[in-house]
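A.B. asks: The structure's right below; bear with me while I get my questions together.
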C-alpha cells in the first residue's frame, strides 16, 4: 500500500484541491495502519510492521511552545505555592495533634501546684478537686470539666483528620499528583469529622465563656457574659449544622454563594474576637501582676503563651481573606488554638489571682463586695452547668471542677453544707462521717443568745450589759474546729471563769467579771486525726476545710509526718502516683534546702527602771497607818477589786471607775483587770493581824427623784491596798463630807 505524501505531512503548504486543510489544520493524532510504507527521503523507505500513532504539529500552538521554551517562569504559575501544598498541611496537622494531646495530659494527669511564699511547689491534690484553697499555700491548677472535655474532643477530631489526610495523600501519591485543596475538601467532607467537629466547637466556646466569667468579679457581669455567650454559641451551632448537613459545607470567605455559610463564619469570627478583646482588657487591667512579678518570674512566659493562643484564631481569620490558599492547614491551627486559648488563659488568671491573694493576705480589708450582689446564696455552684451534674457537689465544701470558679473564695467556703449546724442542733447520730468532715468554721463569732425573762443584765448582749465576752485564741494554734451535734455556742455550755472575786455580797452586781468562753475541742480534733490518713491521698474525697489561706499562713502548726502508706484503696492508681510524686518532691526539697544555724544567741537582761508608784506608796502607807476607825462603826473587812469607793455607774460602762484599773479591749469588748484570789486571801490575813480596823463604806443608792434623801458616807480608811501588775498601790481616801442640813 502506497500513500500520497501530501495527504500526511504537507499541512504548511496546502494544495489547491484541499482548501479545508489549509484554512482549518487539524491537530488530532491518528493511527497509521500496519504494513504501510513510509518514505522519509529520496531513497529512504521502510514498512510499518505494527500500527503507529502520528501526532501532527499544530500551527496554532507551535509558536507559543517555542516562545515559552526559554522562560521557565511561565510554567510556575500553573502550580500552587509551597505554603498551600500538602507538605505544610501535613506538618501543621501533626504539630496541632501533638499539642492537643499535651493539653489533655496537662489537664487530666498533672498534679496540683501551690504558691508558697513565691515558690510554686508540687502538691498532693490532683486537678480533679477544683480551685480550692490549701493549708500549704494558695492553690494553682484546678480545671473545670468543660476544658477537659473540649481538649479531649479536639484531640479526637485531629486524630480522625490525621488518619483521613494520610489516606487521601496516599491516593494522590499513587496517581502522581499533589493537590492540597482537593485533600482538604475530601478530609473535611467526612461524616465522622463533621459530627465530632460540631461537638468540639460547642465545648470550646462553652469553655471560653466559662473562662470569661472568671475574669470579672461582679455578679452582674457574670450573668451578662453567661447569657450573651449562650445566645452566640447557640446561633453558631445552629448555622454550623445547617452549613454542614444542608448546604455544601463551604467555609471559605471568597467562595460564599449562600447566606447560611456566611452567617456561620460570622458567628465564629464574633466569638473569637470577643474572647480575645476581653482577655486583653483583663491583662491590661491586671498589668501589675500579669506580665512580671518578683515572686513569680515565669508568669511572663505564661502571659506570652496566653496572648498568642487568643490571637492565633483572629490572625488566621484575617488570613482567610488575604491568603485563601493558606486555609488548607490554617483550620487545624485555629482548632487547637481555641482549645489552648481556654486552658492557658485559665492558668494565667489563676497565677494572677494567686499573686493578688499572696500580696493582700496581710491586709485588714475583707472580700470585695459590689452593689447588687447577694452574697448569701449566690455562689459558683449556682450556674447553668449544675443541672447536668449527678454527683451533687453541694454536699462538699469546696468548688469542684464543674463550677464557675470565679467567686470560689468566701461565699462557697462558708455555706451551710452540713445538715446540722450550730444553730439548728440536730441529732448527732444522723450525721455521717462525710458530713462531719464538711463542717466549716463560722464566718464571724456567734453572738451569745440573750436571755428571755426575767431580764438579767449579766446575760444580755446590749451595751448596758455587766458581763462581756472575751474569746481567747492564741496565734500559735490553728483555728479550732466547730463541734457538731446538739451543742450550741452559748453561755450555758461554755466554761465561765471569773477572775474577779469579791467578799461583799452587796457589790456582786456592780462588778464586771471577765468571762472567757472556751469550747471543748478534744472530740473534733480526735475525729479529724482519725480520718486524716485515709483522706490525705484520696483526690475524690471532700476534706475538712481549714481556715482560709490568708489566715492559715500565719498560724503555727506542728509538723505532720507524711506517710507513704496512706491510701486504703489499692486500686486508686492516680492517688498513688500523685502521692509518690509529692513524696519525691518533698525529699528533693529537703536535700536541697540549706542548713540553718540553730545555735542559741546571747541573751541580755535589762532591768526595768524604778516606777514613781513605789515612792508614792511609801508616803501613803505612813499616812494610812496614822488614821484610826470610829468606835460606833461595824468592824469588818471589805475586799473589793472594782468600784471600791464609787457607786455603780450605768451611763458609761466602758470607762473604769478607778484610775488604778486597767482597761482590756478585745474587739469591742471591755473588761477590767482585778486581783486574783490568792492575793486577796493574803491581804485579808494581813489585815486581820493588824490592830487597825477599817470601817466599810456604804454604797449610796440612786433614785430618779432629786429630792430623795442621800445617805451620808462615813469616813473610811482603806487598809488593803490593791495590787496591779504585781505592785502594791494604796488609794488615798476622800475627806468625809458634811451632812446637808435642810433650812427649816
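Here the Cβ of each residue, glycine as well, is placed from N, Cα and C on the backbone.
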A.B. asks: Need the matching range: Swiss-Prot marks transmembrane segment on one of 152-172, 173-193, 194-214, 299-319, and I'd like to know which.
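C.D. replies: Feature transmembrane segment in Swiss-Prot: residues 299-319.
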A.B. asks: Quick check on the annotations: Swiss-Prot lists region 'Disordered' for one of 480-532, 692-744. Which range is it?
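C.D. replies: Spelled out, Swiss-Prot records region 'Disordered' over residues 692-744, not the other listed ranges.
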A.B. asks: Among 47-67, 68-88, 89-109, where does Swiss-Prot put the label transmembrane segment?
C.D. replies: 89-109
A.B. asks: Among the residue ranges 118-138, 223-243, 328-348, I'd like the one that Swiss-Prot describes as transmembrane segment.
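C.D. replies: Going through 118-138, 223-243, 328-348 one by one, Swiss-Prot gives transmembrane segment for 223-243.
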A.B. asks: Between 366-386, 387-407, I'd like to know which one Swiss-Prot lists as region 'Disordered'.
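C.D. replies: Swiss-Prot lists region 'Disordered' for residues 387-407.
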